[in-house]
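Take a look at the structure set out below.
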Amino acid sequence: MNKVNIKDSQNFITSKYHIEKIMNCISLDEKDNIFEIGAGKGHFTAELVKRCNFVTAIEIDSKLCEVTRNKLLNYPNYQIVNDDILKFTFPSHNPYKIFGSIPYNISTNIIRKIVFESSATISYLIVEYGFAKRLLDTNRSLALLLMAEVDISILAKIPRYYFHPKPKVDSALIVLKRKPAKMAFKERKKYETFVMKWVNKEYEKLFTKNQFNKALKHARIYDINNISFEQFVSLFNSYKIFNG
C-alpha cells in the first residue's frame, strides 16, 4: 500500500480578504483554546492568535513550522507542534475547539480522529465540498457513525479560486458540534454493528419482517432510502427493544 503524503495535497488560502470572510463564519472568543490542524504558512494561525486565548498549531512540515513562527513573532499565546495530526494525541480534559483546513486525501481519517479521539466541543473544518455533502448523507456509514456523536452542518461553500494552487473542486466550511451525551462504549459497538448492516441493506439480520414493519411505522419512514438521522435513531431504538 502506498503511504499517504500529506504534503502532496496542500492548498493554501492566502488572501486576507478571503481569510476574513471565512473567520467571520465561525464563533470564537478570547477565552477559547484552539488546536489548529495544519498551520501551513500561518495565515489562519495569525488570525486565530488575535481572537483566542491560546492556539496550538499542529504542522507536519518542519519548514512550514518555521514560516509560521516567523509570522507570529509578536504573539506569545501559541505553540507550534511539528507532528503528524494522525499521530497527535489530543487532550482528554479542559474545553477546547479545533480549526483546520484539512488535506482532501486524509479527510475521513482526520474527522474520525476528531470525533472519536478528541474531546473538542466544536470543530470548524475546511474540507472538499463533495465530502462535506457526504457527511450529511444518511445512506452512508461514516455519516451515521459521526452523527451519533456530533451535529454536522455546512456553514459556507468555499470557491476553489480561494486556494493556491487552485484545486479542481470547491471546498466547504463545516462545523461539528459535540452532543451533550457521549455514547457508551458498549452502546457504540452495538450501534456500529447496526449501522453497517443497515447500510449494506442486511435488514433481515436486524429485524424479522413483522419487526421491520413495526419499526418503520413507529419511525414514520415511508422511503428507507430517504430518512433523517432522528428516524434512524428510532430504528436503532426499536432494534434494541426487539433484541433485549
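Counting begins at 1 with the first residue displayed.
Just so it is clear, glycine is given a Cβ too, placed from its N, Cα and C backbone atoms.
Cross-referencing ASP29, ASP84, ASP137 against the S-adenosyl-L-methionine binding annotation in Swiss-Prot, which names ASN11, ILE13, GLY38, GLU59, SER101, picks out ASP84. Within the group of binding-site residues (GLU59, ASP84), the Cβ with the highest number of other Cβ atoms inside 10 Å belongs to GLU59.
Just so you know, the Cβ of SER101 (S-adenosyl-L-methionine binding site) picks up 24 other Cβ atoms within 10 Å once every protein chain is counted.
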